[in-house]
Amino acid sequence: MSFRILLIDDSALSRRIVRDIAEELPGVSVIGEAVNGREGLEMMESLKPDLAILDVEMPVLDGIRVLEERRARGLETPVLMLSVLTREGADTTFRALELGALDFVPKPSAHMGFMVDQLQALLKQKISELIASRQTATVSIVEKRPIGPERRLQDFDLVLIGSSTGGPQCLHRIFRRLPAGFPLPICVVQHMPPVFTAAFASRLSSVSGVDVFEAEPGRELRAGQAVVARGGMHLAVKRNGSRLVVDLDESPPIHAHRPSIDFTLRSARQALGGRILGIIMTGMGRDGVDGLRELHDAGGHVLAQDEGTSIIFGMNRRAIEEGVVDRVLSDSGIADYLLELR
């Protein structure tokens, strides 16, 4: 089965690099190239590609306007953004995600040097995720949702959330419902590059009653606050006397990810035993599954996001399949669960 891609970018160099990388994947073909947003929209409508790879800064119509027009026209073409790895680029990218873009990769340029190899691996991973999700989208593995024993607020000292592709959008919907004074500290491990995690933490904080920070060594985990793992670093949870703190770790990636959900889950379990509410959300692969198994075996409680609200039903699917999940909920159901902890 072929997977058809439309490139929308005014840079010929960028289009060539992305095309060459994408077409190395079996069954993938680039069926069109647009040099501005207006042309890209028309080709999106006429060619009906399986994926559009979209630049932000373009003549005639920029990437954000393309996404707004796409929504207005009712087009459902999945969109992957090409993003500049700066704070300004991060803010624009999060706006694109809010407008329906699935995910993003760094925009290629003549000055990337060694980063081209990283881009190649990341772009292939993202396209492969989308192909896999399309092939499994109609298969539901949750015939009967697993139900564990009821838990109360007093059973937990920490909420730990892991997510990947589609995570920013879902986390935004959850955090905007959390009130000031939420009774537990929260750790978020979202697969995301450096620079972007600081902007992401700031964005979550702006919509939530919970104060959200990017992780820094020694920061105490406090009720009513959340910490987002820093891009490019593992997040460790440790005890420092009576205090619970976070640290940063440069150990090798796990499942090709740093930060890794498994790394943080294991460190938190060592510090807290089973007194953790673990939540696994949208994303491809199996990062988090092994850590959740260990947490579940230690008496922790595990929620998984359901297929219907997941952009990529992958990590959460694996956790459900392997029997380490107590409840399967929509993203709004996860927010309800957190709000109902008493």
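Placement of Cβ uses the backbone N, Cα and C atoms for every residue, glycine included.
The feature domain 'Response regulatory' is assigned by TrEMBL to 4-122.
Per TrEMBL, the feature 4-aspartylphosphate maps to ASP55. Taking a C-beta cut-off of under 8 angstroms and a sequence separation of 6 or more, ASP55 (4-aspartylphosphate) has the following same-chain neighbours: ILE8, ASP9, ASP10, SER11, SER14, GLY63, MET81, LEU82, LYS107.
Residues or ranges marked as domain 'CheB-type methylesterase' by TrEMBL: 152-342. Over the domain 'CheB-type methylesterase' (152-342), the average per-residue pLDDT in this prediction is 96.
The annotation active site is assigned in TrEMBL to SER164 (among others). Sequence-distant contacts of SER164 (active site), defined as residues of its own chain at least six apart whose C-beta falls under 8 angstroms from its C-beta, comprise GLN190, HIS191, HIS257, MET281, THR282, GLY283, MET284, GLY285, ASP287, ILE312, GLY314, MET315.
What TrEMBL records for HIS191 (among others) is active site. Under DSSP, HIS191 (active site) is assigned to coil, being neither helix nor strand in the three-state scheme.
The active site annotation in TrEMBL covers ASP287 (among others).
Helix first, then strand, then coil: DSSP counts for the domain 'Response regulatory' (4-122) stand at 53 helix, 26 strand, 40 coil. Cβ neighbours within 10 Å of HIS191 (active site), excluding its own Cβ and spanning all shown chains: 25.
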